[in-house]
Amino acid sequence: MRRNRVDVITLGCSKNLVDSEVLMRQFLSNGYTVHHDPASVCGEIVVVNTCGFIGDAQEESVNTILEMVEAKKAGRIGSLYVMGCLSERFREDLKKEIPEVDAYYGKFDWKQLISHLGKSYYAEAENRRKLTTPRHYAYLKISEGCDRSCSYCAIPIITGRHRSRPMEDLVEEVRMLVKHGTREFQLIAQDLTFYGLDLYGANRLAELTARLSDIKGVEWLRLHYAYPAQFPLDLLPVMRERPNVCKYLDMALQHISDPMLRRMRRRITKAETYELIERIRTEVPGIHLRTTLMTGHPGETERDFEELLQFVRDIRFERLGAFTYSHESGTYCDKNYQDDIPESVKQERLGELMAVQERISAAHNEAKIGSRLRVVIDRAEDGFYVGRTEYDSPEVDPEVLIPFVSGQELKPGRFYMAEVTGAEPFDLYARIVD
């Protein structure tokens, strides 16, 4: 165990990662050294920032807590604290089941944790978080919470009502990060497309995106977690006309059959979904759409699932993720539906869906062979420089693999023009041409 060292372990989504980065800056401001590598935890203080979204994430969080409890018993770490979504949702249960943890805190309890340790909380440090990502890119969380009421989702229970961050705060944070070398920003929120309604009485996502794109030094802005119902169409001209706003949109659609959309309480129809996608692709030529779909929601029939498969074949999403339904306590589903789809059926449908998407992804990538694309280099690994295009977000999307060439050294964080020379379903191969 190392004195004056804090280890922060982050589980779950990029929004959780931002929370950890804010907390890490508070520890640094109080004179601690801070580490974010779960493989080398040995601190005087360990904080596990948990995820509580669905069953698999909850299990991973509990297992991580138990691993840290064993490390504490063995003397490899000192105090152990747990916070985040799982702790926000199940704090009393966790206290009973795992009492070895020194204290449990909710998702937004940074001040309480710092106060418990007898340290000072520096409000001015909230916009100076300690990045855990490579310096050239960062996640920018523009709001907290969610006002939607999707049947399956526990996020509003955990995070509360939607709360936009003031636009000036976001602009200032991006300016500060640019000064320190950040060039690429992923805009994230539980619901990106609700931004501004609470603060300004109107949707202001388009204005925010435009203002951020005006900041000198911002190379790429990428939009994540849009909601299809009441989509702000004034965003589309901003995406089309501004070169540093990536032609990329992450919009979770979940399903397409009208019976399922109603049961999911998505507030959009099949016809409206097709119309929205056509409008987006018409107004922003070349845009790459990422979506997330679900299999096995209560009541999903074979006919519903076949509609979903046909939807994927029709739209041919450039990027797609999928997961199986998880029955979560406190949700509308929990109160009104039975979890009536066997797990084996959920998994079978998931596999079939992803097999269809793999063929589509392969075709999209093969069509890029011979094209020239701007690439940012993230790292060097196993004989390749590994980078991404504007159509690829970190961690979740394909990568561009550029073989080492004698006399050619590519720098992480730098942008290059590359010619695509080969393709796999989820990765590209390329060579530098500038």
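Backbone N, Cα and C define each Cβ position, glycine as well.
These come from Swiss-Prot:
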type	residues	note
BINDING	CYS13, CYS51, CYS85	[4Fe-4S] cluster 1 binding site
BINDING	CYS146, CYS150, CYS153	[4Fe-4S] cluster 2 binding site
DOMAIN	4-122	domain 'MTTase N-terminal'
DOMAIN	132-363	domain 'Radical SAM core'
DOMAIN	366-434	domain 'TRAM'
> When the Cα of CYS51 ([4Fe-4S] cluster 1 binding site) is compared with the Cα of each of the binding-site residues CYS146, CYS150, CYS153, which one is closest?
Replying inline: CYS153
> Between CYS150 ([4Fe-4S] cluster 2 binding site) and CYS85 ([4Fe-4S] cluster 1 binding site), what C-alpha distance do you get in Å?
Replying inline: 18
> Which chain neighbours of the [4Fe-4S] cluster 1 site, leaving out CYS13, CYS51, CYS85, have a Cβ atom within 8 Å of the mean position of the site's Cβ atoms?
Replying inline: LEU11, GLY12, LYS15, ASN16, THR50, GLY52, PHE53, ALA57, GLY84, LEU86
> Taking just the CA atoms, what is the gap between CYS146 ([4Fe-4S] cluster 2 binding site) and CYS85 ([4Fe-4S] cluster 1 binding site) in Å?
Replying inline: 14
> In sequence order, what residues of the same chain, 6+ apart, have a Cβ less than 8 Å from the Cβ of CYS13 ([4Fe-4S] cluster 1 binding site)?
Replying inline: CYS51, PHE53
>> Is it possible to list how many residues within the domain 'TRAM' (366-434) are helical, extended or coil according to DSSP?
In response: 1 helix, 38 strand, 30 coil
> At the Cα level, what's the spacing in Å between CYS153 ([4Fe-4S] cluster 2 binding site) and CYS85 ([4Fe-4S] cluster 1 binding site), rounded?
Replying inline: 13
> Going by DSSP, how much of the domain 'MTTase N-terminal' (4-122) is helix, how much is strand and how much is coil, in residues?
Replying inline: 58 helix, 26 strand, 35 coil
>> Cβ within 8 Å of the [4Fe-4S] cluster 2 site centroid (CYS146, CYS150, CYS153 excluded): which residues?
In response: ARG148, SER149, TYR152, ALA154, ILE155, PRO156, GLN190
> Relative to the Cβ position of CYS150 ([4Fe-4S] cluster 2 binding site), how many further Cβ atoms are located within 10 Å?
Replying inline: 20
